[in-house]
């Protein structure tokens, strides 16, 4: 096991991971942001270098101060060899199993390995399996023309972006502010607690987020990207549904100049039971990936006194 600190090695890893989409996409997005400021203070662990089988991204030890904060204590994984992953998790301390934590990845082959390790470490593990959606990178010539040739762009003045819905209502695209974290947290299926609120606030502070705002200044729908550049936490308030608002927002924000990843596809996940969001994803140009989205949430089993 070794930590990759060298910027040249991290840049090389970013390019190598692109060859293994979609399975490597979660780790790729994290390495992408590590190479561009590393706002979440993450680090990369590999089994060996330059030839490797397993890559794990994790927060720096200084970030994991709260043993109960599984949102901060997040590990993203990609492996070419599940048995290599098993060996790495068994023989090293790459994961602090004494904390509440999350593991995310896009490979079903990791499930048996992780469950075996969790059992040996006296850790309760819960699995969330969702549908992974991808949208390949495309560049609209009109978008490129506007971006490079518009006088307003050259002068540093942003042109307002608007959405017109099926009922004629006009909405403005705007980034979320940190004060919106409570609202996002309330509607997020994986959230609803103080630690998730703090995580959302941190994501809004450091990564692209998008909302549609009506003429009265009300935030009608939104989505947030996070430390792996995944589009997450999408939600439309009930009173603004069935007018195509979310689909219009997603179409706009998964193209330049909004696109989170400048290289690689946009991606998100949808619950298997959420057929409405699946239809929206397909309508906006996403397609179902060959692999699924997995999250393993872990909590140490406390021994009785």
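Note: Cβ is positioned from N, Cα and C throughout, glycine not excepted.
Those TrEMBL annotations? Automatic predictions, nothing curated.
Straight from TrEMBL, the features:
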DOMAIN    1-208  domain 'Glycine N-acyltransferase N-terminal'
DOMAIN    215-300  domain 'Glycine N-acyltransferase C-terminal'
Taking DSSP H, G, I as helix and E, B as strand, the domain 'Glycine N-acyltransferase C-terminal' (215-300) contains 21 helix, 32 strand, 33 coil
For the domain 'Glycine N-acyltransferase N-terminal' (1-208), report the average pLDDT of the model, please.
91
